[in-house]
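Have a look at the structure below before the remarks.
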Amino acid sequence: MCPSSSSAKGSKGAMHWFRKGLRIHDNPALVACLEQSPQRVYPVFVLDGNSYQLLRCTALRANFLVETLQDLDENLRALGSRLYVLKGDPTKALPKFWKEFNITHMSFEEDESGEPYAAERDEKIIEKAQKANVRLFSQCTETMYPLKDYVTKAGAKGVPATMTGFQKLFKSMKPMSKVLPAPEKEDFPDMDEDDLLAAQYLPPKRPTDLPWPRGIPKSEVEPLWGPKDCKNLTPIVHGGETLARKALTESLKRSNWVATFEKPKTSCTSLAPSTTALSPYLSWGCLSPREVWFALDEAVSRASSNVKPSKPPVSLHGQMLWRDFNNLMAHDANKEVPGCWNKMEGNKYCRQIPWDDDPRLLEAWKTGKTGFPWIDAAMRQLTQEGWIHHLGRHAVACFLTRGDLWQSWEEGAKHFEAELLDADYALNGFNWLWLSCSGFFFQYFRCYSPIVFQKKNDPNGQYIRKFVPELKDLPSKYIYEPWEAPASVLQKAGVKLGKTYPRPLVDHAVISKENMNRMKQAYDAHKARAQTQGGAAKKKQRK
């Protein structure tokens, strides 16, 4: 359906391009669009198969995006507007939309972390907007402060590469901008009924309505997004700003819990999240990081007077600091070598470690068939719910890389990008660098045991019984180590090692020591390279 005659030939319009800020509250770019006093406003989202949101996207993430877009459309309709959803390459879809709807202004949220595709896409959009005489307005909304403000404040010495240093930088920043309320109905100009009803731009209703990621055969994607698979999945949360704000309010009602929260002390085996589980809403932009920060302030202020508040980096405020810090590190790395953040090569923060490449081991890890019940339970929870507690993430990442399987962290990061509801370019890259001891954390001799660590927290193995049901009838004594169970016990529990449940891929006690030696060799080689490069640089300076 084409726009109405009054829309197409008459008044000029403005549009807001929703990207990673899928909300109407505290959305400075949306407000900037409305402040132009346009005669028409078109809120737009582009379903782009090359974007980080869709490039690697399994059923749960696809479904979360569908729910989020539907919710955004409903919230905009309550304001007398609607969401226009385009499909395809934004560098082609947007110019076509500008021409069709006579767009003269466009606002959008900046992508500061430096996602490689996003940077290239935005350069093309800016160039095409100039040719089309479309004026652009952009705002930084992904972090509490614009990353460029951190860079400016850090000055010539550069941004800090430690959390301690970042906390000092954060404290030196000017007061944070106030949270912007959602626009009112009167802020939006009246929209033609034909525009409101235009069916060709409606949000998707199901994951299979999304564009297939480019370069991935449809036969591989369809099973991941099809209704048969979706039906058996149980996401930890559902998408949309409405549910996000409700979850934030509910989480922060427990003011004493908020004030004393320490992330390392939360349980990674509780069958319901022991944290706020707000991370998916932050990663998709359903919640503003600034709004969360100020809401935490308010909750802590309501805590009992005898409560001693926890402090960053383990507190809830600390989790928000980690988020900005991770984004700043991604921004800094990509500024030097574009697109290097989620890679080993060219990444100044990543030590070069000669990982193995064994597709068999990688697939066993992805599908939760390593033969180590706790690791398998966590990986199956990831597939089924799109979420794992942070300590579970630590354990499975360590197991894949330096702990046991010696596979590249890049492959683990790709899998998390596809499965996690809260997958975030900057945070995901940082966490895999950290957990593989490739960057930011270098105590490689501290290794998670895939057996012992969890026994303390969940001695009866309830977590394993839920996500690895083929072991549910094993006695607690053997639930973490079924290979230690006598044949009679296995038979009674209906477990056949190597058939109904795999034998361990490796001998952890042996392989973990071997891998520590390999890490030491890689670190020694890194140190030698650094000394050689440092010496060469000094010689060059003397010349």
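Note: Cβ is positioned from N, Cα and C throughout, glycine not excepted.
Taken straight from TrEMBL:
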- 12-144: domain 'Photolyase/cryptochrome alpha/beta' (DOMAIN)
- THR275, THR276, ALA277, LEU278, SER279, ASP422, ALA423, ASP424: FAD binding site (BINDING)
- TRP355: site 'Electron transfer via tryptophanyl radical' (SITE)
- TRP409: site 'Electron transfer via tryptophanyl radical' (SITE)
- TRP432: site 'Electron transfer via tryptophanyl radical' (SITE)
- 523-543: region 'Disordered' (REGION)
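TrEMBL feature annotations superimposed on the structure.
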residue: THR275; record: FAD binding site; DSSP (3 states): coil
residue: TRP355; record: site 'Electron transfer via tryptophanyl radical'; DSSP (3 states): coil
residue: TRP409; record: site 'Electron transfer via tryptophanyl radical'; DSSP (3 states): helix
residue: ASP422; record: FAD binding site; DSSP (3 states): coil
residue: TRP432; record: site 'Electron transfer via tryptophanyl radical'; DSSP (3 states): helix
Using only the Cα atoms of THR275, THR276, ALA277, LEU278, SER279, ASP422, ALA423, ASP424, which the record gives as binding FAD, return the largest interatomic distance in Å, rounded to a whole number.
18
Work through the binding-site residues one by one (ASP422, ASP424) and point out the residue whose CB has the fewest other CB atoms within 10 angstroms.
ASP422
Report the nearest neighbour of LEU278 (FAD binding site) in space among the recorded sites TRP355, TRP409, TRP432, comparing Cα positions.
TRP432
Spatial neighbours of TRP355 (site 'Electron transfer via tryptophanyl radical') among the recorded positions THR275, THR276, ALA277, TRP409, ASP422, ASP424, defined as Cα within 10 A: which are they?
TRP409
What mean pLDDT score does the domain 'Photolyase/cryptochrome alpha/beta' (12-144) have in the model?
93
Among all protein chains shown, how many Cβ atoms are found within 10 Å of the Cβ of ALA423 (FAD binding site), not counting that one?
23
Over the span of the domain 'Photolyase/cryptochrome alpha/beta' (12-144), count residues by DSSP class, listing helix, strand and coil in order.
58 helix, 30 strand, 45 coil
For SER279 (FAD binding site), which residues of its chain lie six or more apart in sequence with Cβ-Cβ distance below 8 Å?
LEU421, ASP422, ASP424
